[in-house]
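Following: one structure in structure tokens, then a few remarks.
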Amino acid sequence: MPTSKRTAAIIVAAGRGLRAGTGGPKQYRTIAGRTVIARAMEAFCDHPDVFAVQPVLNPDDLAMFNQAVAGFRYRPPANGGATRQASVHAGLEALAADAPDIVLIHDAARPFATPALIRRAIEATDITGAAVPVIPVTDTIKQVDASGAVNATPDRAKLRIAQTPQAFRFDVILDAHRRAARDGRDDFTDDAALAEWVGLTVATFEGDAANMKLTTPEDFVREEARLAAMLGDIRTGTGYDVHAFGDGDHVMLCGVKVPHNRGFLAHSDGDVGLHALVDAILGALADGDIGSHFPPSDPQWKGAASDKFLKYAVDRVAARGGRIANLEVTMICERPKIGPLRDTMRARIAEITGVAISRIAVKATTSERLGFTGREEGIATTASATVRLPWNDSDQEDKGWST
């Protein structure tokens with residue numbers, strides 16, 4: 001159930017990531033086909049309890065950032081500082097004009113935060129107003145002196161590995177950062193340490209072993225292999241839809257209102273592009289078709305906007321732990337002309353689905369004046385969707401459609 005707390009998230013992405021090797025800042029490198037920052041931001045942008053996502057960037061990275069997160073919802077990026085601490089402070093100040101109750105501070109180099117982890121972070125602020133996710137230390141830790149000689153073996157039962165997102169009451173962590181800035185303290189490696197410095201009691205909550213920070217080239221190799229193994233079930237589905245023209249002054253195509261001298265005869269808004277995409281995604285899941293989930297006999301779908309149907313299909317993929325790898329739609333019509341609107345349609349599909357625009361294709365063709373599309377009696381559309389799901393041997397059994 002959604003929380004009543006107004007929660008915002010800061011995604012700290014201003015670092016250069018030199019230890020990760022060549023290839024530019026690590027947050028813009030790809031892992032299993034998607035950028036690290038897109039993976040890091042997605043869980044927060046899609047979370048129902050997070051009303052605002054505030055990125056903090058190196059201003060030189062803005063073009064890379066915009067390309068990586070096309071279609072996501074987020075506030076205008078804030079410029080980062082010389083240290084992580086300064087960058088977080090910049091993000092907090094950017095949120096101050098519309099101050100949330102709770103702020104989650106997350107490193108862009110941790111691309112595997114889950115909705116459940118985010119929910120635990122929000123709930124943990126009820127304890128002391130400051131909380132950090134932790135996981136147990138499983139290795140024996142040695143404390144050494146300047147020469148490298150062991151001088152202590154800490155009790156690992158009392159040690160924890162700290163992660164992000166770290167969660168705070170917004171007012172107290174903003175005040176803590178302002179105090180540190182006034183006192184010239186810029187040496188805190190995480191926000192929990194800064195909170196401790198001002199006297200806050202920092203609670204802990206259950207982290208996630210998979211929510212590891214990508215730091216070295218070996219980290220990228222390891223996580224690439226892990227994701228490939230997790231999403232090894234590659235599915236392809238196809239969709240097809242047709243609507244005849246009727247009275248009206250526009251048609252909806254791929255979520256875009258297109259002026260036209262006719263409208264569609266349809267139960268919903270008649271968006272043939274989105275309807276075909278819904279069928280393609282459901283087909284990849286072996287999960288029925290659009291009519292089985294949204295029957296035209298049901299009056300609640302009368303005049304409904306088709307973006308609802310597409311979001312539903314995308315959520316079905318997410319519920320299976322999957323990712324959409326590619327979406328393609330081809331419209332067959334004489335008019336309206338699709339070419340001038342192609343990129344607008346791609347951007348709209350990206351906005352609805354959260355899929356990167358680089359993974360979305362919109363095409364158009366004619367039937368050379370043959371058939372009903374050639375006579376301009378309507379529009380036909382085909383679509384395909386490629387979906388990656390976690391491999392599950394039990395899926396080899398024929399269990400029928402899920403409805």
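Glycine is no exception: its Cβ is also placed from the backbone N, Cα and C atoms.
Every protein chain considered, the tally of other Cβ atoms within 10 Å of the Cβ of Ser367 (4-CDP-2-C-methyl-D-erythritol 2-phosphate binding site) stands at 14. The 4-CDP-2-C-methyl-D-erythritol 2-phosphate binding site annotation in Swiss-Prot covers Asp241, Val242, His243, His267, Ser268, Asp289, Ile290, Gly291, Thr365, Thr366, Ser367, Glu368, Phe372, Arg375.
Taken from Swiss-Prot, the feature divalent metal cation binding site applies to Asp241, His243, His275. Cβ neighbours within 10 Å of Asp241 (4-CDP-2-C-methyl-D-erythritol 2-phosphate binding site), excluding its own Cβ and spanning all shown chains: 24. In the three-state DSSP scheme, Asp241 (4-CDP-2-C-methyl-D-erythritol 2-phosphate binding site) is classed as strand.
Among the features that Swiss-Prot reports, region '2-C-methyl-D-erythritol 4-phosphate cytidylyltransferase' is placed at 1-234, with the record citing sequence analysis.
The average pLDDT computed for the region '2-C-methyl-D-erythritol 2,4-cyclodiphosphate synthase' (235-403) is 88. Marked as region '2-C-methyl-D-erythritol 2,4-cyclodiphosphate synthase' by Swiss-Prot: 235-403.
The site 'Transition state stabilizer' annotation in Swiss-Prot covers Arg19 (among others).
What Swiss-Prot records for Lys26 (among others) is site 'Transition state stabilizer', and it gives sequence analysis as the kind of evidence. In the three-state DSSP classification, Lys26 (site 'Transition state stabilizer') falls within a helix.
The Cβ of Arg156 (site 'Positions MEP for the nucleophilic attack') has 13 other Cβ atoms within 10 Å, all protein chains considered. Arg156 (site 'Positions MEP for the nucleophilic attack') falls within a helical segment according to DSSP. The site 'Positions MEP for the nucleophilic attack' annotation in Swiss-Prot covers Arg156 (among others) and is backed by sequence analysis.
Remark: Lys213 (site 'Positions MEP for the nucleophilic attack') has Asp107, Ala109, Arg110, Gln163, Asp219 as non-local neighbours, by Cβ distance under 8 Å and separation of at least 6 in sequence. If you look up Swiss-Prot, you'll see Lys213 (among others) marked as site 'Positions MEP for the nucleophilic attack', on the strength of sequence analysis.
Feature annotation from Swiss-Prot assigns site 'Transition state stabilizer' to His267 (among others). Under the three-state DSSP scheme, His267 (site 'Transition state stabilizer') falls in the coil class.
Annotation comment: Swiss-Prot describes Thr366 (among others) as site 'Transition state stabilizer'. Residue environment of Thr366 (site 'Transition state stabilizer') contains 13 other Cβ atoms, counted within 10 Å of its Cβ in all protein chains. In the three-state DSSP reading, Thr366 (site 'Transition state stabilizer') counts as coil.
Within 10 Å of the C-beta atom of Lys26 (site 'Transition state stabilizer') sit 28 other C-beta atoms, taking all shown protein chains into account. A distance of 66 Å separates the Cα atom of His243 (4-CDP-2-C-methyl-D-erythritol 2-phosphate binding site) from that of Arg156 (site 'Positions MEP for the nucleophilic attack'). Set side by side, the recorded positions His243, His267, His275 differ in how many other CB atoms lie within 10 angstroms of their CB, and the most is found at His275. Cβ proximity to the divalent metal cation site centre (mean Cβ of Asp241, His243, His275, cutoff 8 Å) flags the following additional same-chain residues: Val242, Ala266, Gly270, Asp271, Val272, Gly273, Ala276, Ile379, Thr381.
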